[in-house]
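The following features are taken from TrEMBL:
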- 12-30: transmembrane segment (TRANSMEM)
- 42-90: domain 'NADH-Ubiquinone oxidoreductase (complex I) chain 5 N-terminal' (DOMAIN)
- 50-75: transmembrane segment (TRANSMEM)
- 107-390: domain 'NADH:quinone oxidoreductase/Mrp antiporter transmembrane' (DOMAIN)
- 182-206: transmembrane segment (TRANSMEM)
- 218-238: transmembrane segment (TRANSMEM)
- 244-266: transmembrane segment (TRANSMEM)
- 273-293: transmembrane segment (TRANSMEM)
- 340-361: transmembrane segment (TRANSMEM)
- 381-400: transmembrane segment (TRANSMEM)
- 394-573: domain 'NADH dehydrogenase subunit 5 C-terminal' (DOMAIN)
- 421-444: transmembrane segment (TRANSMEM)
- 456-475: transmembrane segment (TRANSMEM)
- 487-513: transmembrane segment (TRANSMEM)
- 559-577: transmembrane segment (TRANSMEM)
Amino acid sequence: MKYLSICSISFVNLISISFSCFLFSLYFLLNNMVYFIEWEVVSLNSMSIVMTFLFDWMSLLFMSFVLMIASLVIFYSKEYMESDENINRFIMLVLMFVLSMMLLIISPNLISILLGWDGLGLVSYCLVIYFQNIKSYNAGMLTALSNRIGDVALLLAIAWMLNYGSWNYIFYLEVMQNEFEMLLIGSLVMLAAMTKSAQIPFSSWLPAAMAAPTPVSALVHSSTLVTAGVYLLIRFNILLSFSWLGQLLLLLASLTMFMSGLGANFEFDLKKIIALSTLSQLGLMMSILSMGFYKLAMFHLLTHALFKALLFMCAGAIIHNMNNSQDIRLMGGLSIHMPLTSTCFNVSNLALCGMPFLAGFYSKDMILEVVMISNINMFSFFLYFFSTGLTVSYSFRLVYYSMTGDLNCGSLNMLNDESWVMLRGMMGLLIMSIIGGSMLNWLIFPIPYMICLPKLMKFLTLFVCIFGGLFGYLISMTNLYSLNKSLLNYNISVFLGSMWFMPYISTYGMIFYPLNMGQLVVKSFDQGWSEYFGGQHLYQKLVNYSQILFLMHNNSLKIYLMLFVFWILILLNFLLFM
């Protein structure tokens with residue numbers, strides 16, 4: 001039983017490193033400490049290549065959470081991927097993924113950030129195409145190529161950083177925040193972060209990446225790949241606060257949050273609904289970060305990681321029991337057949353909605369209250385609250401379809417809660433999804449925040465959530481659903497359900513016009529005018545002349561001799577006049 005050992009060893013090592021990182025982060029947080037560790041890799045004459053690592057409460061706490069989730073995901077994979085012959089390779093890829101994320105988290109240097117950044121992109125491609133079929137290959141290419149745009153932006157930022165004499169951006173942010181170069185570097189970093197965190201117009205790769213195995217989705221969508229962009233911008237937050245970049249990011253992130261919330265209400269694929277909810281939460285983090293509240297963005301990043309990983313693990317357990325079916329219309333009555341999994345699923349769903357005293361409540365409620373007291377326009381205010389309502393709406397719709405009523409799939413399906421290894425992995429995250437929010441709230445904010453608002457505004461978040469839940473329940477009911485799919489609303493529902501046509505624009509839309517132009521160029525130039533005036537036409541003319549001469553030489557001795565005389569005369573003429 002070799003595959004059990006690699007999962008167990010990885011789990012024990014990662015959980016122990018995670019626990020030690022958490023203890024260190026507490027120590028650093030209490031004493032307000034920051035450590036820079038410099039490692040001289042090469043020293044040649046006066047030149048030295050130095051690798052710098054930054055340890056503060058933020059990097060250590062985030063590392064602790066990433067490692068804890070990764071350890072539980074690997075433990076969960078022991079049973080989920082047991083039928084896979086190449087489980088060792090799968091675990092190795094997951095460990096490489098986590099290692100790339102670690103490098104990105106502790107780097108204050110753009111070069112070493114690029115190493116982790118590119119490592120994430122490359123390994124994510126390998127994981128998305130893990131189940132080798134045409135759908136996952138397409139999804140893998142979309143993921144890899146969307147992320148390449150960000151990699152190029154980061155390379156350009158590295159080139160511009162040369163103006164300062166070092167790539168340790170963290171030393172220059174405060175001093176040179178109003179300079180043009182730093183603004184340019186900031187805009188390039190923001191572009192890189194937007195591709196990695198799938199903000200508009202780069203959103204289409206995130207639901208496509210659902211082709212990966214479910215344990216990978218749990219890791220990618222909670223704490224690694226998609227959060228890398230948010231984390232990088234948390235480090236660069238000073239540049240967003242003092243320039244127009246923050247306002248642009250606020251608009252794009254709010255629209256992403258709104259678009260994904262609408263899309264999730266029209267989706268029927270279980271994993272895609274959860275992926276779109278990740279996109280919605282990323283939009284929330286990015287938008288509050290663009291307003292300058294980087295600690296709140298970090299707080300929500302950590303709480304979101306806990307309940308989103310649990311949500312994906314529950315989805316994986318359900319898919320596992322449903323014979324790999326992901327359609328929520330074929331589910332139903334799961335709370336009777338799989339009570340423990342359903343409990344975890346509902347707790348994580350309620351934490352996502354911001355149910356009081358669960359993990360998501362502390363961060364989400366504080367973000368929305370800070371938005372209410374901020375100097376913000378009406379459009380952004382509407383997007384914040386409407387998107388929150390949509391979050392509750394699709395969560396309740398998901399619960400309605402999967403938990404209530406009768407089972408809609410084949411009667412031969414054996415639904416049970418007997419996958420004990422998977423359940424243990426989920427239980428660890430269940431506890432954290434309940435207590436994680438309050439624990440982080442006490443840790444990150446040393447002074448208890450008391451946001452004083454009028455009664456109506458204080459209850460606004462709660463009202464929005466209740467109305468959102470009611471709306472989600474109503475649109476799920478069959479008679480209203482058939483009305484929703486009538487021809488009158490069909491175009492609207494297709495538009496909203498396909499993420500505002502973004503997947504088509506980023507695939508077919510990007511490829512069609514260049515390919516069409518290429519076809520016209522080939523048709524008009526390569527096989528058209530250049531052929532007519534070039535090789536083919538010249539060849540045809542020479543063939544024609546040869547045929548005429550051949551006829552003349554073949555049929556008439558007099559003409560042949562006459563031409564011979566003419567050639568001699570021309571040659572003599574030429575020689576005489578030379």
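Each Cβ is built from the backbone N, Cα and C atoms, and glycine gets one as well.
Taking Cβ pairs closer than 8 Å, the transmembrane segment (218-238) reaches residues 58, 62, 65-66, 69-70, 73, 76, 94, 97-98, 101, 104-105, 108, 113, 116-117, 120, 124, 127, 150, 169-170, 173-174, 177, 186, 189-190, 192-199, 206, 209, 212, 249, 274-275, 278, 282, 285-286, 289, 292, 294, 297-298, 301, 304-306, 308-309, 312-313, 316 in its own chain, all 6 or more past its ends. Residues of the same chain lying 6 or more positions beyond the ends of the transmembrane segment (381-400) and with a Cβ under 8 Å from any Cβ of it are 254-255, 257-258, 261-262, 264-265, 267, 270, 273, 276-277, 280, 283-284, 287, 328, 346, 349-350, 352-354, 364, 368, 371-372, 460-461, 464-469, 471-473, 475-476. Proximity of the transmembrane segment (487-513) to the transmembrane segment (421-444) is not established, fewer than 3 Cβ-Cβ distances being under 8 Å for residue pairs spaced 6 or more apart.
Counting residue by residue with DSSP, the domain 'NADH-Ubiquinone oxidoreductase (complex I) chain 5 N-terminal' (42-90) contains 28 helix, 12 strand, 9 coil. Non-local neighbours of the transmembrane segment (456-475) in the same chain are 265, 353-354, 364-365, 368-369, 372, 385-386, 388-397, 400, 481, 484; each lies 6+ residues outside the stretch with a CB under 8 Å from one of its CB atoms. Panel annotation: around the transmembrane segment (244-266), residues 183, 186-187, 190, 194, 198-200, 203, 233, 272-273, 276-277, 279-280, 282-287, 289-292, 379-380, 383-384, 386-387, 390-391, 393-394, 397, 472, 475, 493, 496-500, 502 of the same chain, lying at least six beyond its termini, place a Cβ under 8 Å from a Cβ of the stretch. Count of Cβ pairs under 8 Å against the transmembrane segment (421-444): among 50-75, 182-206, 273-293, 340-361, 559-577, the largest is for 340-361. When pLDDT is averaged over the domain 'NADH-Ubiquinone oxidoreductase (complex I) chain 5 N-terminal' (42-90), the result is 88.
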